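Engineer: When I checked Swiss-Prot for this same protein, it listed these features:
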| type | residues | note |
| --- | --- | --- |
| ACT_SITE | Glu140 | active site |
| BINDING | His139, His143, Glu218 | Zn(2+) binding site |
| TRANSMEM | 4-24 | transmembrane segment |
| TRANSMEM | 33-53 | transmembrane segment |
| TRANSMEM | 147-167 | transmembrane segment |
| TRANSMEM | 190-210 | transmembrane segment |
Amino acid sequence: MMRILLFLATNMAVMLVLGIILSVTGIAGNSTGGILIMALLFGFAGSLISLFLSKTMALRSVDGEVITQPRNQTERWLIDTVSRQAQKAGIPMPDVAIYHSPDVNAFATGATKSNSLVAVSTGLLNNMTEAEAEAVLAHEISHISNGDMVTMALLQGVLNTFVIFLSRVIATAVASSRNNNGEETRSSGIYFLVSMVLEMLFGVLASIIAMWFSRYREFRADAGSASLVGKEKMIMALQRLQQLHEPQNLEGSLNAFMINGKRSELFMSHPPLEKRIEALRNL
């Protein structure tokens, strides 16, 4: 969950800055071809910057410490387990980090398979058995072997491009119609306002698509974990999460806005735990 939020937040920040630059400067403002070219350049800039900064940002956000030399049995077990799973998955050994948090959590990130990171919280190590933690680590290794961060970056780049392109094409049409009515002094202000509003609206739709893909890749990572360590261990890990985290915080916050049931899943980066368990049992 955290790695997705970090990625999307960075991407959104870059998109907002670039969008303001585009609107204020009027770059490619009247040319559909020019808008498309700039949308492609700026659209992928946000996602690629997020991708290449993901490892550094994730570590800093949790104040994680990469294990360079194991200092105790737990760190040795982590290194040995990740090394064994990475070898089985056919990927280079990722960096392994621990961060202090009561939350039961782990994440994988990094721009490439050869420059990746797996991090686990002390809460996970303290609340899960070795078998359960092993399954969680295998889940994160599967994210790396599947190239999920790169795929997410490419998808986000495409979505960014459409958001920028459509918002500015529509804004240009609205501003131009005002110009035809003789209100030329308002065109730049209207263009900026319309493009920003549409960018936010289309951005929400793009986020829904990105969250759908995130849920899809979680199912794939669960299946990857089952392949590496066996589905029973992954099921046990998910059942442990059910005991520790239900009701889910995200669902609770969405319920406060009267978004319930299947509609709430639109905004979730992970599928409901019961669906993940059911999918594993059906493997």
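Note: Cβ is positioned from N, Cα and C throughout, glycine not excepted.
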Engineer: How long is the line from the C-alpha of Glu218 (Zn(2+) binding site) to the C-alpha of Glu140 (active site), rounded to the nearest angstrom?
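Structural biologist: Cα of Glu218 (Zn(2+) binding site) to Cα of Glu140 (active site) measures 10 Å after rounding.
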Engineer: Considering the binding-site residues His139, His143, which residue's Cβ sits among the greatest number of other Cβ atoms within 10 Å?
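Structural biologist: Counting Cβ neighbours within 10 Å, the top one is His139.
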Engineer: Inside 8 A of the center formed by the CB atoms of His139, His143, Glu218, which other residues of the chain have their CB, for the recorded Zn(2+) site?
Structural biologist: Ala108, Glu140, Ser142, Asp148, Arg217, Arg220, Ala221, Asp222, Gly224, Ser225
Engineer: Using a Cβ cut-off under 8 Å and a sequence separation of 6 or more, which residues in the same chain sit near the residue listed as 'active site'?
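Structural biologist: Residues satisfying the criterion: Ala106, Phe107, Ala108, Val118, Ala221.
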Engineer: Please classify the secondary structure at His139 (Zn(2+) binding site) using three-state DSSP.
Structural biologist: helix
Engineer: Around Glu218 (Zn(2+) binding site), how many other C-beta atoms are within 10 angstroms of its C-beta?
Structural biologist: 23
